[in-house]
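Chemist: Next up is a structure, given as C-alpha cells.
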Amino acid sequence: MTTEQSFLIEGGNSLHGSVRCSGAKNSILPLVAAAIAVRDVVSFQNVPDISDLQSLLTLIQAMGVKLVSFSNGEVVLDTRGPIETRVENTNGYSLRGTQTLVGALLGREHRAMLPSLGGCSIGARPIDLHIKGLRAMGTQFEWKDGYLVGQAKALKACDVYLDFPSVGATENLLLAAALAEGTTRVFNAAQEPEVYDLISFLNKAGARIVPVFPFGFRIEGVAQLHGASHRIIGDRIEASTLMMATAITQGEATITGIDVRHIWSIVAKLRETGAVVEVKGDDAVVVKGVPGYRSTDIRTLTFPGYPTDAQPQMTAYLTLAHGNSVVVESIFENRFGAILELERMGARIKVAEETAIIEGVESLNSATVQAKDLRGGAALVLAGLAAHGTTTVKSIHHIDRGYEALDGKLSQLGAHVTRVNQPEVS
C-alpha cells in the first residue's frame, strides 16, 4: 500500500511571534540554470530546501554539472566540465524551472533539447514567447519526438519586443543574450524582483546588463562568464502567505528576511481589509489581524501589481471578510483550482471565467481537502488555520515544491500543524 503525506491542521489558533522567510523559489531555479552558462564554480546563499530545487539539481547533475555541496542554505556548483544539451525527464519530475535551461544551453553550447515543460496545473504556460525571442537571435526550433530542439550557429544580437512581459521569456533572453555577439535590447520585459536577482548574479559573473527605460534591458554580449557568489533575495510569495496566515487567524507576527519593496501590493490589500501592517526597516513587516475585517477586490498583474502566485491565498483570506470581494485572475487561466475545496469548508464563491465573486461567511468548517497545485495548496492551509475543527490537507507534495518547511514555520508561530503519512487514494 502506497502512502502520501498530508497536513492535519487544528484550526482556531492565532499566530504570534517572529519567523524568517527562506530564499525565493522563483529566483533559485533560474539561477541554477544560469550556472550552466558560466562554465565555472558558482555558489548561492540563502537557498530554500524545496523539492523543485532538488529535482532540478538531480536533472543538471545528469547533464554533467557537479554538485559540490548543498548544506546550510548554500549550493555550490561546478559547471566547468562537458554538459549534455539533451535534458532527460527520467524521474517523472514536473517543474517550470527547466524552461530557463533553454537560454543557458543556447548561450553556452548553441544547442538545447528539452522535453515538454511541467509545473503546476494552472494553465497552458505557452513557451511561444521564448521561442519568438530566441528565433530573432538566430535560433532554429523544431519539435522532434516530444522534445523542443533549438540550435544556432551563433547567437546574434537584436531588438526583441515581448508581446507580454513573461518572466520566463525575459530570463531566457537575458541568458542567451549575455553570451551573444553584439548588443541586444529587450523591450516590455518582465520587471519582477526575481528577474533583477538573476541580472545581479549574471553581472557579478561578468555579464553586462543594464535597465532601459521603460521596462527594458540592454545586454552587451561577452565572450565568457566567470564564477561568482550570490545571495538570493527573500521569497515574497512565502512572506505574503505568512502575512495572510497571521491576518486570517487574527494573530500578530513579525515576518523578516524580505525586501518590503517586493510586497507592497500585499501590504496595501491587507490594510484595505482593516488588518494592521507595520513596515519595520527594509526587511521586515509586523502584521496584526483584526476581527470582522472588510472585503476588498484584487486583480492579478505583473510586478509591481498584485502577484498571481499570492491570489489563491488572498481568495482564502477573503472567504471570511465582511461583504463581497471580487478577484480577477488575469495572468493564468485555471488558477481557481482551490475554490471547490474551499467550498467544501463552507466558503461561498461564484466563478465566471477569470473572475471569482466571494461572499464572506462567518466561519469555515474543517474538512478533508486536496491540494491540486502549489499556491492553491497554501490557500487550503490558510483556510484550515481559521476553520473550526481539524482539517486534513492531502497531496502536500505540491506545497513542498515551493515552500521550505511551511508546517514548521507555522508551528513556530503557534499553529497546530502536523505532517502525517496516510494511505494514498487512487
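For all residues, glycine too, the Cβ spot is worked out from N, Cα and C.
Since we're looking at a predicted model, the values are computed, not measured.
So TrEMBL has the following annotated:
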type: DOMAIN; residues: 10-408; note: domain 'Enolpyruvate transferase'
type: BINDING; residues: Lys25, Asn26; note: phosphoenolpyruvate binding site
type: BINDING; residues: Arg96, Arg125, Pro126, Ile127, Asp128, Leu129, Asp309, Ile331; note: UDP-N-acetyl-alpha-D-glucosamine binding site
type: ACT_SITE; residues: Cys120; note: active site, proton donor
type: MOD_RES; residues: Cys120; note: 2-(S-cysteinyl)pyruvic acid O-phosphothioketal
Chemist: Give the distance between the Cα atoms of Ile331 (UDP-N-acetyl-alpha-D-glucosamine binding site) and Asn26 (phosphoenolpyruvate binding site), rounded to the nearest whole Å.
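Modeler: A Cα-Cα distance of 16 Å.
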Chemist: Where does the mean pLDDT land for the domain 'Enolpyruvate transferase' (10-408)?
Modeler: 95
Chemist: Once the chains shown are all counted, how many other Cβ atoms turn up within 10 Å of the Cβ of Leu129 (UDP-N-acetyl-alpha-D-glucosamine binding site)?
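Modeler: By my count, 19.
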Chemist: Quick check: in three-state DSSP terms, what is Ile331 (UDP-N-acetyl-alpha-D-glucosamine binding site)?
Modeler: coil
Chemist: Lys25 (phosphoenolpyruvate binding site): which of the binding-site residues Ile127, Asp128, Leu129, Asp309 is the nearest Cα neighbour?
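Modeler: Result for Lys25 (phosphoenolpyruvate binding site): the nearest of the binding-site residues is Asp309.
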Chemist: Same chain only, sequence gap of 6 or more: which residues have a CB within under 8 Å of the CB of Asp128 (UDP-N-acetyl-alpha-D-glucosamine binding site)?
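Modeler: In sequence order there is nothing to list, since no residue at least 6 apart has its Cβ under 8 Å from Asp128 (UDP-N-acetyl-alpha-D-glucosamine binding site).
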Chemist: Tell me the Cα distance separating Asn26 (phosphoenolpyruvate binding site) from Leu129 (UDP-N-acetyl-alpha-D-glucosamine binding site), rounded to the nearest angstrom.
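Modeler: Here the two Cα atoms lie 19 Å apart.
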